[in-house]
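Asks: Here it is: the structure, laid out below.
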Amino acid sequence: MSYHKSSGTTLMVPLFMLLISVNYFMSCNAQLSTTFYDTTCPTALSTIRTSIRSSVSSNRRNAALVIRLLFHDCFVQGCDASLLLSGAGSERASPANDGVLGYEVIDAAKAAVERVCPGVVSCADILAVAARDASVAVGGPSWTVRLGRRDSTTSNAAQAATDLPRGNMVLSQLISNFANKGLNTREMVALSGSHTLGQARCIRFRGRIYNSTLRIEPNFNRSLSQACPPTGNDATLRPLDLVTPNSFDNNYYRNLVTSRGLLISDQVLFNADSTDSIVTEYVNNPATFAADFAAAMVKMSEIGVVTGTSGIVRTLCGNPS
């Protein structure tokens with residue numbers, strides 16, 4: 001295709017659209033504030049914290065589930081609690097979110113907040129705060145959460161299929177996927193560190209055993225093969241972090257250095273490529289990882305937020321009203 005003399009005009013249109021997008025993003029984020037509920041619901045944060053602490057205390061796996069919920073929500077349609085909506089055609093019903101759990105943890109936190117401040121605090125804000133509190137509950141970093149998100153009334157299963165990263169992605173695909181959400185390579189590696197918590201099913205890591213040329217430690221490979229044969233046992237769970245799966249630390253990266261990453265998308269972060277140096281830095285400097293993770297979570301939690309008079313404040317997080 002040739003633009004000839006019209007190419008100048010053609011180039012200006014995307015630039016104009018880019019400026020609109022940047023200004024819109026900045027405008028939405030500018031409406032977020034750490035003091036958003038100080039007068040309308042001053043006990044909101046303490047109520048959420050108490051609820052999340054209780055949930056994680058009863059089952060430490062809940063910390064991983066909550067952090068994953070925020071990630072999956074923000075990567076599809078922005079951080080608007082659209083993932084929490086139930087029903088046919090919703091993100092929640094998408095095969096891309098098959099295996100995503102923990103909705104009841106957020107429902108419990110929402111119910112607790114509704115009892116003290118009915119109709120005030122959005123599910124999107126509760127999810128953002130809950131992820132921070134879940135991290136702290138298992139020894140992870142804390143960060144400041146700016147508030148004022150509103151809840152969307154729509155949810156898109158098809159978009160979940162295209163926007164969420166997959167466990168079999170290679171490094172270039174991961175970098176591109178995160179870049180599409182405004183997150184750079186270092187932030188991608190830091191956020192992948194959330195895999196210091198939680199588990200994955202055999203159906204998600206089978207490719208790492210049988211369909212990958214990535215290095216894999218022999219004993220680790222043997223253990224995975226026994227738990228996850230070429231067919232069957234799809235629901236068998238294995239920890240993403242072999243050493244301390246219920247504590248937030250940097251052992252996830254130590255596993256990668258010894259070729260014991262559970263998913264393909266884990267091990268590609270340390271595979272004689274551009275991100276090896278970041279992984280090594282996080283192995284040697286856990287405080288750097290914690291700081292980078294916290295900063296990346298702040299940035300991710302403000303992707304595509306709905307603010308002001310847009311959206312709603314749902315009474316029930318699974319119901320679009």
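Here the Cβ of each residue, glycine as well, is placed from N, Cα and C on the backbone.
According to Swiss-Prot, the record shows the following:
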BINDING   Asp73, Val76, Gly78, Asp80, Ser82  Ca(2+) 1 binding site
BINDING   Pro165  substrate binding site
BINDING   His195  heme b binding site
BINDING   Thr196, Asp241, Thr244, Asp249  Ca(2+) 2 binding site
DISULFID  Cys41-Cys117  disulfide bond
DISULFID  Cys74-Cys79  disulfide bond
DISULFID  Cys123-Cys317  disulfide bond
DISULFID  Cys202-Cys228  disulfide bond
CARBOHYD  Asn211  N-linked glycosylation site
CARBOHYD  Asn221  N-linked glycosylation site
MOD_RES   Gln31  pyrrolidone carboxylic acid
SIGNAL    1-30  signal peptide
SITE      Arg68  site 'Transition state stabilizer'
Asks: So if I draw a 10 Å sphere around the Cβ of Arg68 (site 'Transition state stabilizer'), how many other Cβ atoms end up inside it?
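Replies: That number is 21.
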Asks: If you take the centroid of the Cβ atoms of Asp73, Val76, Gly78, Asp80, Ser82, the listed Ca(2+) 1 site, which other residues of that chain have their Cβ within 8 Å of it?
Replies: Cys74, Phe75, Gln77, Cys79, Ala81, Leu83, Glu91, Ala124, Ser152, Ser155, Gly304
Asks: Cα-Cα separation of the residue listed as 'heme b binding site' and Pro165 (substrate binding site), in Å?
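Replies: One finds 14 Å between the Cα atoms of these residues.
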Asks: On a C-alpha basis, identify the one among Pro165, Asp241, Thr244 that is nearest to Arg68 (site 'Transition state stabilizer'); the candidates are the binding-site residues.
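Replies: Nearest by Cα distance to Arg68 (site 'Transition state stabilizer'): Pro165.
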Asks: Quick one: Cα separation, Cys74 (disulfide bond) versus Cys317 (disulfide bond), in Å?
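Replies: Taking the Cα atoms only, Cys74 (disulfide bond) lies 15 Å from Cys317 (disulfide bond).
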Asks: Other residues with Cβ within 8 Å of the Cβ centroid of Thr196, Asp241, Thr244, Asp249 at the Ca(2+) 2 site?
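Replies: Neighbours within 8 Å of the Cβ centroid, excluding Thr196, Asp241, Thr244, Asp249: Leu197, Val243, Pro245, Ser247, Phe248, Asn250, Asn251, Tyr252.
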Asks: Among the disulfide-bonded residues listed here (Cys41, Cys74, Cys79), identify the one with the smallest other-Cβ count within 10 Å.
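Replies: Lowest Cβ count within 10 Å among the disulfide-bonded residues (Cys41, Cys74, Cys79) is Cys41.
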